[in-house]
Amino acid sequence: MIKDFNPGDFIGKKPTKIYAFGGIQEVGKNMYGIEYDDEIIIIDCGIKFASDDLLGINGIIPSFEHLIENQSKVKALFITHGHEDHIGGVPYLLKQVDIPVIYAPRIAASLILKKVNEHKDAKLNKIVTFDDFSEFQTKHFKIDFYRVNHSIPDAFGICVQTPNGNIVQSGDYRFDFAAGSEMLDVHKVVKIAERNVHVFMSESTNAEVPGFSQSEKLIYRNIQKILKEARGRVILTTFASNITRINEIIEIALNNKRKICLLGKSMDVNVNISRKIGLMAIDSNDIVEVRDIKNYPDRNILILCTGSQGEEAAALNTMARGKHNWVSLKSTDTIIMSSNPIPGNYAAVENLLNELSKFGVAIYENSSQLKLHASGHATQQELQLMLNLMFPKYLIPIHGEFKMMRTIKNIANECGIKSEDVALLSNGQVMYLIDEELYYSNEIINADPIYIESHNSSPDLARIIKQRQILSRDGMFAVIVVFDKNNNIIGIPTLITRGCFFALDSNPLMTKIAHSVKRTLESVIQSKKFNSHEQLTKELKRVCKETVSYFIWKNKNRNPLISTVLSWI
């Protein structure tokens, strides 16, 4: 049973601390810390993609405040695999925290190097690749790995032996027993379990999905059938990060005498990195530039492109709008959607499919009748299998929203793990592991989300986002007041409204606001309560905003962004 930590019971004992910077009660920005005495090791540093209401924001990363404050303790960053929600925050981390060494699988290491090169002020000291047999040791920690099956090659779970017990972080995984060399290493998992797993930090993304997930082999067979029967060009879109599937699709295409055309930056980058490190064996002659596809018969072309989520600027959407410079869709084309819409993207994907349909193309989507996509995350029976193999003393669900975490708690109960031995946490909440027992502590680290705009990250962006949301919803209202050198208001304040309401249709209200603002400001000036011009200006702006806000809310039920400009001549 997980108990509350009582310092009086552990005088002279040093706890192993476990916490999440991000990745708990959410899907994205995965980042976890394990700390003992004078050492901190980090597992993953991901990004979370911004929702549509976060206007102008490219992504969200965890706060690194705890690491900045404890810089001398930071010893290493370990990466489970190369997906964006696990490595996308690394360049921003390297700008703020001195990381002595990053340990990563081959493809993740290559992707990180490329990211760092795009961020000139990110300082990378050292990056070391690891595999199934690697072991690393710090003063207090011993770390090794086990291979897992996921939608990207070189994916791993991480085992950390600490002075207070053994912690296993699952990484992202699934069981696909037809995956060959990329199959989850059950034998290694059993060996790790024999050491005793005291805390298992398990992903929970697909905890609500019953049964076992479909094998990728079924997906490949269905895609192969479509490719074989297609008489024209085949345009296939999937997640550019799903390198395992992309590799198989390329092999299927080559076996059907089709050249490969890569469209979209992330697709091009991921394929070329995979080729460079030997994960894809594709001859350069089998890849054609988009401007050259016209030189080949349509039946000999496969276009692999981005845009499976209906992204506006992605290659497939550009084609659907008839705006692509090199690819014009025609009725003989076949479109394969080898993906599912992520929650929040359903409308964008439906709109994309409607636009594609206008060209008369054949469209194949993933469905229960035709499987063209399988998730890379463990479903209920796969989670049960892993929990039975690991059989941890304590479980901390991660990598999922709260309802997913609660569901894996129920699954754990069915596997013999008691509810009181499962910790449903929040980001920033610190757990203590002492003598192989887990405790709730009162310690909290800062886990506020940090927003990214272009390549810049700042806590101040949260305030800017709020302003943008107000602008998009209620518009902007500006008040310009001109004073003479004796603080007398010259004329009537000028009012400007944008996106709030039509000024021409609201002349009486605009007149009322202008005169009320003038009277209110004059009463402030006449009170003579202020010792400095700065104090007076601050108070004038405050009462001006209050006055305008009152009238607009009362008459228009709007709450615009109010800007006041005070000028003295």
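A Cβ is built for glycine as well, from the same backbone N, Cα and C atoms used for every other residue.
If you look up Swiss-Prot, you'll see His81, His83, His150, Asp172 marked as Zn(2+) 1 binding site, on the strength of sequence analysis. If you take the C-beta of His150 (Zn(2+) 1 binding site) and look for same-chain residues 6 or more apart in sequence within under 8 angstroms, you find His81, His83, Gly171, Asp172, Tyr173, Arg174, Thr244, Gly376.
The Cβ of His86 (Zn(2+) 2 binding site) has Asn30, Asp44, Cys45, Gly46, Ile79, Thr80, Ala108, Asp172 as same-chain neighbours under 8 Å, each 6 or more residues away in sequence. For Asp85, His86, Asp172, His399, the entry in Swiss-Prot reads Zn(2+) 2 binding site.
Other C-beta atoms found within 10 angstroms of the C-beta of Gly376 (substrate binding site) number 25, with every protein chain shown included. Marked as substrate binding site by Swiss-Prot: His373, Ala374, Ser375, Gly376, His377.
Of all the Cβ atoms in the protein chains shown, 21 others lie within 10 Å of the Cβ of His373 (substrate binding site).
Shown in sequence order, Thr80, Gly82, His86, Val148, Ser151, Ile152, Ala155, Gly171, Tyr173, Gly376 are the same-chain residues outside His81, His83, His150, Asp172 whose Cβ sits within 8 Å of the Cβ centre of the Zn(2+) 1 site. In sequence order, Gly23, Gly28, Asn30, Asp44, Gly46, Thr80, His81, His83, Gly171, Glu203, Thr205 are the residues of the same chain, not among Asp85, His86, Asp172, His399, whose CB sits within 8 A of the CB centroid for the Zn(2+) 2 site.
Least crowded of the binding-site residues (His81, His83, His377, His399), judged by neighbouring Cβ atoms within 10 Å of its own Cβ: His377.
Excluding His373, Ala374, Ser375, Gly376, His377 themselves, the residues of that chain whose CB lies within 8 A of the CB mean position for the substrate site are, in sequence, Ser151, Arg174, Asn206, Ser213.
Its Cβ placed at the centre, Asp85 (Zn(2+) 2 binding site) has 24 other Cβ atoms within 10 Å. Every protein chain shown contributes to the tally, and the Cβ of Ala374 (substrate binding site) ends up with 21 other Cβ atoms within 10 Å.
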